[in-house]
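Taking it in order: structure first as structure tokens, then the write-up.
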Amino acid sequence: MDVMKYNDLRDFLTLLEQQGELKRITLPVDPHLEITEIADRTLRAGGPALLFENPKGYSMPVLCNLFGTPKRVAMGMGQEDVSALREVGKLLAFLKEPEPPKGFRDLFDKLPQFKQVLNMPTKRLRGAPCQQKIVSGDDVDLHRIPIMTCWPGDAAPLITWGLTVTRRPHKERQNLGIYRQQLIGKNKLIMRWLSHRGGALDYQEWCAAHPGERFPVSVALGADPATILGAVTPVPDTLSEYAFAGLLRGTKTEVVKCISNDLEVPASAEIVLEGYIEQGETAPEGPYGDHTGYYNEVDSFPVFTVTHITQREDAIYHSTYTGRPPDEPAVLGVALNEVFVPILQKQFPEIVDFYLPPEGCSYRLAVVTIKKQYAGHAKRVMMGVWSFLRQFMYTKFVIVCDDDVNARDWNDVIWAITTRMDPARDTVLVENTPIDYLDFASPVSGLGSKMGLDATNKWPGETQREWGRPIKKDPDVVAHIDAIWDELAIFNNGKSA
């Protein structure tokens, strides 16, 4: 797995600029709604990452649309193009369930994977670029950061790409997660993490082990792309996101201890927010326009109090927006789809392809094609998708087709559904399952149903009827017509010879 080298976000931006993948905007643009409008138009056109050098009212530039194309996501993961992300998935599958070499030849084949593992340990620094400037106490003022307001109905400016660092009591490994954070004061943000996410679980354990004590939290803004992407990739529970970022980058992730707590943050981050959550302190969060294309409900989440802001000289603020696909999360989903395939195939070798259509909000609907081997096989695969990776916990619909269907072609998939399914026999409904809190269509917040569609050819035991045979053309006739096609001149507005 060849790795595209860069050390930090600034290195990566230089790389993008050299390849025509970064546009500097010198015209003053307002972080209130205007940057979103420009970024949205650019993303939909497949355009470059955008660096707004003069956001109105601020001296700090804003980076947007960084992961606006699958190619840039692949570059962030150290690869030349999206197809190479299958190799990242194979590496993750190997790390999830490593197998000892079966012999010398197998050892030689696995050698590149073992060499990459050498980049997993973090490198701890005494001082770091992210601590070149330090502000604390009453001098902390989040309003100096050009935090974007993305949609007209949004409650307040919103931090979107904050890499939140937490740790459970008596644990060495840290958790990295991306959670949006609503600005509610000069030193206060609302930490919107769902109850099953790593940060929330760390907080729950802390509260149980240390009643009444403040929970330390740090948030890195403008971390290097490998570290950001490591936080949204299905990394095995035994592997830290920093370690995985080192694998992607090809160099050890450099970290530094925070000024006010023992958490370790990316040494090259542009900005770091340090602080705590006071147990029991919550605030109503939202509404905000979300990746579903709707404003979400208002709900209460913990308040993050910022005690220190550390940053690099001439720091860059990295931001994005979320809305009805396509948006950056949808583009990330398209790229990460390629990472998921080898992981699923290692557990279920019968899977030929797996596809999360971006118009399905990146994860709410999945299409799986399989080499069917027995009656009921499709139902086993449905259950496997829902249970194997936590990323698919909220997938509402799973469609399973045979391997003669292209999972990424709706014409093929709809044909399979309408010709190979009996709705009563081939539909699986599972009630009272975990559902995305943002899914207002579910009857209860966080709890709803799932549907599996078995659009495979039916085997004996699944049907008593003679099954239809697909129409296939005569290859000799096809070859003959190919040979005389130009002479027919059907589309040339002329006469055949």
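Including glycine, each Cβ sits where the backbone N, Cα and C put it.
Swiss-Prot lists N175, E241 with the feature Mn(2+) binding site. With a cut-off of 8 Å between CB atoms and residues at least 6 apart in sequence, the same chain places N175, L176, T227, G230, A231, V235 near E241 (Mn(2+) binding site), listed in sequence order.
Summarising the annotation, Swiss-Prot assigns prenylated FMN binding site to I178, Y179, R180, R192, W193, L194, R197, G198 and lists sequence analysis as the type of evidence. Under the DSSP three-state reduction, I178 (prenylated FMN binding site) is assigned to strand. Sequence-distant contacts of I178 (prenylated FMN binding site), defined by Cβ-Cβ distance under 8 angstroms and a gap of at least six in the same chain, are W161, G162, L163, T164, I228, A231, V232.
As annotated by Swiss-Prot, active site, proton donor applies to D290, with the evidence given as sequence analysis. In sequence order, N296, T322, G323, L438 make up the list of same-chain residues 6 or more apart from D290 (active site, proton donor) whose Cβ falls under 8 Å from its Cβ.
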Environment of I178, Y179, R180, R192, W193, L194, R197, G198, the listed prenylated FMN site - residues of the same chain whose CB lies within 8 A of the CB centroid: T164, G177, M191, G199, A200
Among Y179, W193, the most crowded of the binding-site residues [Cβ within 10 Å]: Y179
Fewest Cβ neighbours within 10 Å, where candidates are the binding-site residues R180, R192, R197: R197
For L194 (prenylated FMN binding site): intrachain residues, at least 6 apart, with Cβ closer than 8 Å: A200, Y437
For G198 (prenylated FMN binding site), nearby residues of its own chain (Cβ under 8 Å, 6 or more apart in sequence): T166, N175, L176, G177
